[in-house]
Each structure stands twice: as structure tokens, then as C-alpha cells.
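Novice: Feature annotation from TrEMBL assigns transmembrane segment to 37-56, 77-100, 120-142, 149-169, 175-200, 212-235, 241-261.
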């Protein structure tokens with residue numbers, strides 16, 4: 001579990017860097033080099049990354065994969081109440097980021113007369129508290145793994161409070177503070193709950209993780225797909241302040257729901273998992289490795 005938390009934390013830090021560095025990256029290149037250059041740079045980066053993957057992590061043979069067990073269907077995972085609670089938390093905690101990205105630029109220009117460079121650099125400082133949140137959560141999870149639900153609930157409370165503070169800001173420096181709080185809270189939630197998804201699959205289903213992380217991606221996509229549509233409509237009809245208060249309230253109200261996950265760490269492997277690892281003989285490379293790990 002600690003190793004999995006560290007690996008997912010590293011991945012989340014890289015994802016957050018891409019998301020938060022994108023506005024100033026695209027803005028600066030668009031301003032000085034034209035609209036095509038940002039996409040050409042990204043194309044080159046993707047090509048280089050693909051080549052590195054082929055060299056450092058070449059696709060393996062089909063023999064090892066043939067011994068992998070069949071994963072639980074995604075529709076069965078979706079109706080698991082524990083997984084549903086985690087997916088709801090992931091969607092809710094990312095709503096402020098998804099809803100603010102398309103709306104905060106116009107609000108800053110209208111309310112405080114922000115310049116173009118201030119609008120472009122709005123999210124970049126938030127990368128550092130996000131990385132700090134990932135690091136803190138990984139360390140806490142290693143020391144107190146039974147409190148993963150609490151770290152997620154605390155993160156949602158921080159997100160809620162920070163969202164409510166955004167409309168009260170009157171200049172660029174003030175805006176950075178609640179945005180840093182939002183990204184710090186998102187780091188707590190994501191880093192605590194994504195490993196929890198894998199643990200839930202281990203103890204309640206078959207230890208194949210593609211489908212459960214597809215559910216996590218669906219949760220993110222729901223928030224970011226609704227952001228440009230719903231956020232703009234809310235700002236137009238109700239106002240920017242009401243949008244932030246609603247997002248903050250949603251996160252604060254959802255935080256107690258994570259109490260449902262309080263006893264997850266006490267769960268034992270499901271009957272099917274015990275059959276695979278203990279009662280039945282090994283049927284392939286995967287089963288043999290898992291039995292050796294269990295014996296160790």
C-alpha cells in the first residue's frame with residue numbers, strides 16, 4: 001500500500017503539472033510565437049515520450065498476460081457502494097477546478113482589471129501546494145493507512161472553504177491563496193482515495209485494476225465535461241459568487257459521506273480471492289506469483 005500510494009502520488013503530481021502549467025505555457029507561446037507553436041511543441045513531446053516508452057517499457061509477450069485473471073466487469077464495480085462513494089468524491093473535489101478554469105479569467109478582468117499575464121499565471125503557483133499535498137498525504141498514508149478516508153474528508157473541507165473565499169478576493173495576489181488551497185485539497189483527496197480504489201478491488205473483487213481506474217477517469221471527465229457548460233450558465237444567471245458558494249457547499253456536505261469508508265482497512269479478501277490464492281492450486285504464472293507473495 002505505501003508503494004502504491006507513492007506511485008500514484010507521483011503520477012498525480014505530473015498530471016497536476018500538466019493541468020496547471022498549461023495556461024501560462026499556451027498563453028506565452030501564443031503571444032510570441034503564434035497559435036500553431038504550442039501544438040507543435042506538444043506533438044514533439046508526445047512523440048518523444050512514445051519513443052521512450054518503446055525503449056524503456058517495450059510491450060511484453062502475450063504469455064504472461066494470458067495467465068492474468070479476468071477482472072470484474074465495470075458495471076459491477078460501479079454498483080459497489082464503496083467504489084461509488086470514492087468516485088463521487090473524486091468528481092466533487094474536481095468540480096471547483098473544472099468550473100473555475102473557464103470562468104475565473106473573465107471574472108478577474110471584470111472585477112479587478114487583471115492583465116493578460118496575471119490571468120495566464122493564475123493557476124501556476126497552485127502547482128507547488130498540490131505537490132506538497134501529494135507528499136504530505138503519501139507520508140501520512142504510510143504512517144497511518146487506516147485514516148485514508150479522513151485525509152480525503154479533510155481535503156474536501158479545505159476545497160470547500162477555499163472555494164467560498166475566491167469571490168472575496170480583490171487583487172491577483174489574493175486570488176492565488178484560495179486557488180492554492182483548492183489544489184492542496186484536491187491533492188489530499190486524489191492521493192488518499194485513488195489507492196483506496198485499488199485496495200477495494202483487492203478485498204472485494206478480482207485484483208485487476210483497469211476497470212476501477214476507468215471509473216476514476218469517468219469521475220474526472222464528468223467534472224471537466226460539465227465545467228465549460230454548467231459553470232458559464234450559472235455565472236450568467238446567478239453570478240460568480242453563487243457559483244463558488246455552491247461548489248464549496250457541495251464539497252463540505254460530501255466530506256462526511258467519506259465516513260462510509262472508515263472501516264475499509266479492516267476488510268478481508270473476498271471469497272473468490274481466497275480461492276485463487278489459498279484453496280485452489282496455481283493455474284498460471286500470475287497465481288503462482290500471488291501464492292508466493294502470500295506465503296512470504
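Numbers here mean position along the shown chain, with the first residue as 1.
Backbone N, Cα and C atoms are what each Cβ position is placed from, and that goes for glycine too.
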Novice: What residues in the same chain, six or more past the boundaries of the transmembrane segment (149-169), come closer than 8 Å to it by Cβ-Cβ distance?
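Specialist: Beyond its ends, the transmembrane segment (149-169) has Cβ neighbours at 89, 92-93, 96, 100, 104, 112, 133, 137, 140-141, 175, 177-182, 184-189, 191-193, 196, 240-241, 244-245, 247-252, 254-256, 258-262, 264.
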Novice: Restricting to the same chain and to residues at least six past its boundaries, which positions have a Cβ under 8 Å from a Cβ of the transmembrane segment (175-200)?
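Specialist: Residues packing against the transmembrane segment (175-200) from afar: 1, 4-5, 8-9, 12, 16, 20, 80, 82-83, 86, 89-90, 93-94, 96-97, 100, 104, 108, 112, 122-123, 125-134, 136-138, 141, 148-149, 151-152, 154-159, 161-163, 165-166, 169, 209, 212-213, 215-216, 251, 261, 264-265, 267.
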Novice: Determine which residues of the chain contact the transmembrane segment (37-56) at the Cβ level, with the cut-off under 8 Å and only residues 6 or more beyond its ends counted.
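Specialist: Same-chain contacts beyond the flanks: 25-26, 29-30.
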